[in-house]
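Participant: So TrEMBL says this about it:
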ACT_SITE  A:K84  active site, charge relay system
ACT_SITE  A:S159  active site, charge relay system
ACT_SITE  A:S183  active site, acyl-ester intermediate
DOMAIN    A:31-471  domain 'Amidase'
Amino acid sequence: MTVDTAKSTYATIGEVRQAIESGRATASGIAEAALARIDAEDGVIHSFLSVSRERAMASAEKIDAAARSGNDLPPLAGVPVGIKDVLTIEGLPATAGSKILEGYLPPYTATSVRKLEEAGAVVLGKLNCDEFAMGSSNENSAYGPVKNPRALDRVPGGSSGGSAAAVAAGMSVATLGTDTGGSIRQPASFCGVVGMLPTYGRVSRYGLIAFASSLDRVGPFTNTVRDAATVLGVIAGHDPLDATSSPLPVPDYTADLDRGVNGMKIGVPAEYFAEGLDQEVRAAVEAVIDRLKTHGAEIRPISLPHTRYAVPTYYVLATAEASANLARFDGVRYGHRSAEANTLSAMYRRSREEGFGAEVKRRIMLGTYVLSAGYYDAYYKKAQQVRRLLTNDFIAAFADVDAIVTPTAPTPAFKLGEKTDDPLAMYLADIYTVTANLAGICGISIPCGQSSEGLPIGVQILGRHFDEATVFQVGHAIEKAD
Amino acid sequence: MSTTASVAPELLAKYEPVIGLEVHVQLLTQTKAFCGCSNKFGAPPNTLVCPVCLGLPGALPVLNKRAVEFAVLAARALNCEIRERSIFARKNYFYPDLPKGYQISQFDKPIAEHGWIDVDTPNGEKRIGITRLHMEEDAGKSIHDGFPDSATRTYVDLNRCGTPLIEIVSEPDIRTPDEAYEYLTKLKEILLYTGVSDCNMEEGSLRCDANVSVRPRGQEKFGTKAEVKNVNSFRFIRAALEYEIERQVEVIEGGGRVVQETRLWNANEGRTYSMRSKEQAHDYRYFPEPDLPPLIVTADKQAAILQDMPELPEARRKRMISEYEITAQDAQTLTATRAFADQFEAAAKAAKSPKRVANLVQSELTMRLKAANLELEQSPITMKGIAQAADLAEEGKLSSKQLKQLFDTAFERNEDFGIVYEREKPQQISDPAAIEKLIDEVIAGNPKQVEQYRAGKKTVAAFFVGQVMKLSKGQANPSLLNELVAKKLDA
């Protein structure tokens, strides 16, 4: 039932670098191997929506030329990467997992992807995801679901299911995903890889096809915390093309990775260990907490009292923003236009009816409703106020602790089809992750063991605004102690 | 153009109109409001576009700082209070020339509020309040005609998408179509002075919608209003308001009720037509634009921006009246545009008599411009030329007749005064002997007048000066002539 991940030749950025620097391998060879692995494995997993063989080989050849002439290699030289299909790359398809963008070729490249490529990464292709990043299982992709490489009858999580699966299956050393309510961390936990949510404003959103602009983040999937730190260091930083990107300088996240947790104060919020938490997940996370204590961390019970309002708050704000962000898909300039329509209003209605999937329509309707005259105050405005309270919970907690540890998801990966008929049950898969998006803080999901069925379990570390460094240090300590 | 409604004047007089105006003004920035595309009129369709103003997936807006500076200048010129923290909002509606499906605008926290403009009315000066001034982006253009297949297709030009706009909303303080006209004229004059817009209504860089209702005189409560759109000149605004007021009075007098609706002005027919009712009105679902942080314009920043504030027309007129000893009417003419006033002041400062410069503009220049149907900016004679002519006249080197002739020639040949003067410089007779010879001739021919003079009627000297000047074909040096006439007569 599982894919043999041992077939992956290179699992980390360090291994790729060593191989190329030592002359044992070329970037072209590594890219060929990665592409061959996609050919061999991805028929089953379905993590890639499109493969950019020519672009990959051209990038790899450039690295090889640089290596041959003895030039210094950039930080991600020859590293095979995949990009979630909500990020644009000039001339490559960008479907956002939706039929409405089938055949659309963007004329420009997202800032995060441009930075990856400038650092020497080799883009293999675009990765499957829930339509417009709306979903927690990748089953909302208009191009079919992704299978969890650790258990093929299970979902990989979502919405960045393809990004998590591609790393888990050894088809990419690193991938980019996006996280609006948990869409990096939850699939990372389901697939047994590392998934990083940077602070809001840390990584440019330019070229990210927006779901909910005030919540969307771009972040990496990798096999190790060190690699996540390396990739974030490459893609982070101010972008003049994104007015919400932060001008704060980007530290070297790998410099103090080995600092350890000795003397750190780590908070454990009671609200994240309540009803609905799977017992095996609880046990695995509590084991992590024990190990942190053993390594010298001071564990403090804390309270984040507004946690229970997070999911409803999220579904008001995210859908409100989505209803506006998805208005541009109207059949006028690009994407799907219904062949059936004879009037302007019919063109809008039919194009959107035919182009969007059920979950996207559900969220557009919900978001349109909460912004409507007479309802705005009761829903949108109220939700903004609750968002402020949730943020204040974290700010108060971080006055006392350096990081917070929670489960990433309440359960391990669930079965394909298990929750597709019950949107509310699906929404609760994000119960531990939406809070960080609402509060704007950073976080990471790290593998911390397996269930009795052999399914990966993830632990989430949350950190202060722009304190990714601490999150990486704690994550690295957990990973080493494992 | 005529209004079709016809209501008896005594019925009309029973009602008081209440009018508020919404004016959209395009800002003259080099680039668009939220991207680096060139902001100019008249380029081939869809050539001034990029992922941002096309609303392509993933593109993000970044605010143009210059647009903020222009908005602050305009707001202060209109006596508004500037908000240190204003918020952009999304105004949601579907239209093919609106690529994102929403317009970035400002809603409950605009950049400026609480301003006013003073306008002249038959009952004296009146203050019209300005509720708010907010920033937003323009939409593109839907082109419904002019193509062979226009019957079945609409074409879209997105060049205008993202052009920075300010919207200026007046209080419902306006009571007559004439006041509306005056308000718009003043508003345009002020904005032109600040230089933030060219206010060209034909090119759509200034657009106006009017809200109008009527109520029985003495009633405090406003009547139900109609919004009138699609009016593209100040004259038409006045006409549309006159029509709409009569229409509403007619409805009420006929026992009906005015319904709240949006109406379109049809300039050819001189009337308004219902476009959509209140029930069909859009719910724009405004909410804060998450792609743009709050706009912060600190007091210090405001002060820095306002250093670029030019002297505004009202203040300038007052100063010019006292500085150049000119009339209020002179000042009005001379400040018609900032550029013209600048030219006048430069010329006036260089000239020997600013008053004479002003007089020449007011009489000789204005008259000829009117006859030639030209605007001030199109005048063949520049302010420099006017100043030169004024000095020559002041020094007595040019008779008024000569000056008029030179002005005529300048207009005929579309040349500046200086050029005409250099070429056709009237030959002046400055030889005393030659002038004396002419004087002798005139004295000999008019013994009666000589007698009068010598009997003590000294004003008769002017007669001799005039006659000699005539005899010299206007070429005698006037001051020399004056001097010699007196000498001869007194001899």
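Backbone N, Cα and C define each Cβ position, glycine as well.
Predicted, not measured: the structure shown is a model, and the values here were computed from it.
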Participant: Rounded to the nearest Å, what's the C-alpha distance separating A:K84 (active site, charge relay system) and A:S183 (active site, acyl-ester intermediate)? Just drop the number here, would you?
Facilitator: 11
Participant: Considering every residue in the domain 'Amidase' (A:31-471), what is the mean pLDDT value?
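Facilitator: Summing pLDDT over the domain 'Amidase' (A:31-471) and dividing by its length gives 97.
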Participant: Reduce the DSSP letter at A:K84 (active site, charge relay system) to three states and note it down.
Facilitator: strand
Participant: Quick one: among the active-site residues A:S159, A:S183, which has the most Cβ atoms sitting within 10 Å of its own Cβ?
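Facilitator: Neighbour-count leader: A:S183.
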Participant: Can you tell me whether DSSP puts A:S159 (active site, charge relay system) in helix, strand or coil?
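Facilitator: Its secondary structure by DSSP: coil.
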Participant: Which number gives the other C-beta atoms within 10 angstroms of the C-beta of A:K84 (active site, charge relay system), all protein chains shown included?
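Facilitator: Excluding its own Cβ, the number within 10 Å is 34.
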Participant: To the nearest Å, how far is the Cα of A:S159 (active site, charge relay system) from the Cα of A:S183 (active site, acyl-ester intermediate)?
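Facilitator: Counting only the Cα atoms, the answer is 5 Å.
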